[in-house]
Amino acid sequence: MSIRLDNISKHFGQFQALAPLSLKIEDGEMIGLLGPSGSGKTTLLRIIAGLEGADSGTIHFRNRDVTNVHVRDRRVGFVFQNYALFRHMTVADNVAFGLQVMERAQRPNPAEIQKRVKQLLEIVQLGHLAHRYPEQLSGGQKQRIALARALATQPEVLLLDEPFGALDAKVRKELRRWLRSLHDELGFTSVFVTHDQDEALELSDRVVVMSNGRIEQIDSPVELYAQPNSRFVFDFFGNVNQFAGEWQNGQWVNGSAFIQPPESDATRQSGLLYVRSHELALSDKENSQASLPFEVVSINPVGAEVRVELASVGWQSQELWEAKLSHRSLSEKRLSRGDQVFATPQVGYFFASEGQSSPSVLRWPFLAPGSLMFEI
């Protein structure tokens, strides 16, 4: 079922939780609401559910105006971060609860309820735990039961509030794959809240990035990563290095460091250059188009990559820089703490100091043959 929000706003006293915003969610789409604490994402989810009322605007489920419809009559399933399972009920009774409290005219008979519960427990792969109690389950199992309970009434929309926030990293990853597979199999419309960038990018058809009650960007995970449209989106996604450069004599200068940009009117001014850690090359010497001297601070193998932390030498950077290398490249030419290296951006995203809300994307093919210490 499609969802349309038009000019939704919300205040709590003097605090503006949501500025007027609009959003269209397609039938069968999985949407991630992503943002830091206080961005308004949970408030927006609760307004869609009917757990909060909007101060202004309208909400449509398909062609039905549900702005003033009670949560009970919206046909939504809601999954909470803390599971909200009834401790005194068995797994089967928890799943059946929503069906048992439906109005008499709509309530299935006991045999149908039992059949539906059995089907749902098989879907979430926990049929063998039907007679256990929540305290006997792991966190991942509790979350699956909470999801089965939300699906029991056959909602047209499934809403999830940080569904994996209380789980460890390995279980979170497994449940993300499982939920995406279940969503594709059953075809319901889903909206979930998260502050985890990886979770949003892995699960969502589109990601809605929020900040201070406003929508910063709506895009597919691929487009969002490839073309962030604001400084906030860059900063929030992390793993981004920043070079603050003053425009002098055809290049950006910061202390002893400089970068010469490709010819472009948009970049011939002071501003901030963002460089992702995997789009940064390390060299044993400077070149004519970039000189960013660093000292190696730490070398940290993390899974399939090696993360090298770098401290600026002779110029100012508010934070350490990071470069991501492959294990193969690091084994070919050793790198140690305290080594002096030069970094060169391969791709950069430039924001002018004034009047530019979206970045200019720049690419440099400048390293001379043989000057690379490591290839990313």
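Cβ coordinates come from backbone N, Cα and C, glycine included.
The domain 'ABC transporter' feature in Swiss-Prot is assigned to 3-237; the stated evidence is sequence analysis.
For Ser37 (ATP binding site), the Cβ neighbour count at a 10 Å cut-off comes to 7, with all displayed protein chains included. In the three-state DSSP scheme, Ser37 (ATP binding site) is classed as coil. Among the features that Swiss-Prot reports, ATP binding site is placed at Gly35, Pro36, Ser37, Gly38, Ser39, Gly40, Lys41, Thr42.
Take the CB of Ser39 (ATP binding site) and look out to 10 A: across all protein chains shown you find 25 other CB atoms. Of all the binding-site residues listed (Gly35, Pro36, Gly38), Gly35 sits in the most crowded Cβ setting, with the most other Cβ atoms within 10 Å. Long-range Cβ contacts of Thr42 (ATP binding site) within its own chain (separation 6+, distance under 8 Å): Asp161, Glu162, Val193. Apart from Gly35, Pro36, Ser37, Gly38, Ser39, Gly40, Lys41, Thr42, the residues listed for ATP, the same chain places the Cβ atoms of His195, Met210, Ser211 within 8 Å of the centroid of those Cβ atoms. Annotation for the binding-site residues Gly40, Lys41: lowest Cβ count within 10 Å of the residue's own Cβ, Gly40.
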